[in-house]
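Heads up: the structure comes next, in structure tokens.
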Amino acid sequence: MNINRQTAFITGANQGIGKAIAKKLIKKGIQVIGTSTTEDGVKRINDYLEGNGFGFVLNLKNIDSITEKIQEIYKKKHSIDILINNAGIKEDNLLVNMKSTEWDDVIKTNLSSVFHLVKSVIRSMIKKRQGRIITIGSVIAYTGNKGQVNYSASKSGLIGFHKSLALEVASKGITVNIVSPGLIKTNFTEKLNSIQYQKYLSNIPMKRFGQKEEVADAVIFLASKKASYITGHTLHVNGGMYMI
């Protein structure tokens, strides 16, 4: 890796939206450090990065692991100019049936990990007086959804976190924003039967699912110099499914 090039750190870069973001960043000349929860995922990251960065295994529920991995990156003289919190999980269940572990796992992965990752990189960004912090949220944070009180709480928590953080670091040249996708075409949507497909589609004014590349484009914009005066904002990418 070239220490003179900008570097983006992306969680969950082995597939889906994370991979789409990483590939677009590479085209912009930005190096990528990507994470996955498995060695197989890391191999996939390294294959598509083609030398424009590297991947490594990271368990977002392990606080010590997050801190250690970030410190290792800095010790190797790599910078983290752009932090993209993309990884997230769902463990859906109605509240009356939800186990404590289902609540804890989702909150730790989707919300607490963002706190620990930001805390690990923020001092370096402040010292350089520049940085981008971008997190993938969800339309569910605004609309709610049956069976997802844990997921909704985790994504809603990110909104308040990012607004408060944006106020704390705005004078330091650091922007803090969220990209909030609606229904995006994934392996999940491809498994829907025609009735389920039409039910989901009926909630989207644009009458189609979003593409992961469209979410990635929003992230690329917020990471660019063109978005240098935007902070504490949530950029919705949902085809009109939710409007402020």
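Every residue gets a Cβ built from N, Cα and C, even glycine.
Among the candidates Thr37, Thr101, Thr175, the residue that Swiss-Prot annotates alongside Gly12, Ala13, Asn14, Gln15, Asn59, Leu60, Asn86, Tyr151, Ser152, Ala153, Ser154, Lys155, Ile184 as binding NADP(+) is Thr37. Here the CA atom of Thr234 (Ca(2+) 3 binding site) lies 27 Å from the CA atom of Thr37 (NADP(+) binding site). Spacing of Asn14 (NADP(+) binding site) relative to Gly53 (Ca(2+) 1 binding site) is 13 Å (Cα to Cα, whole number). Here the Cα atom of Tyr151 (NADP(+) binding site) is found 31 Å from that of Gly53 (Ca(2+) 1 binding site). Nearest by CA distance to Lys155 (NADP(+) binding site), out of the binding-site residues Glu50, Gly53, Ser138, is Ser138. For the pair Gly53 (Ca(2+) 1 binding site) and Gly12 (NADP(+) binding site), the C-alpha distance works out to 15 angstrom.
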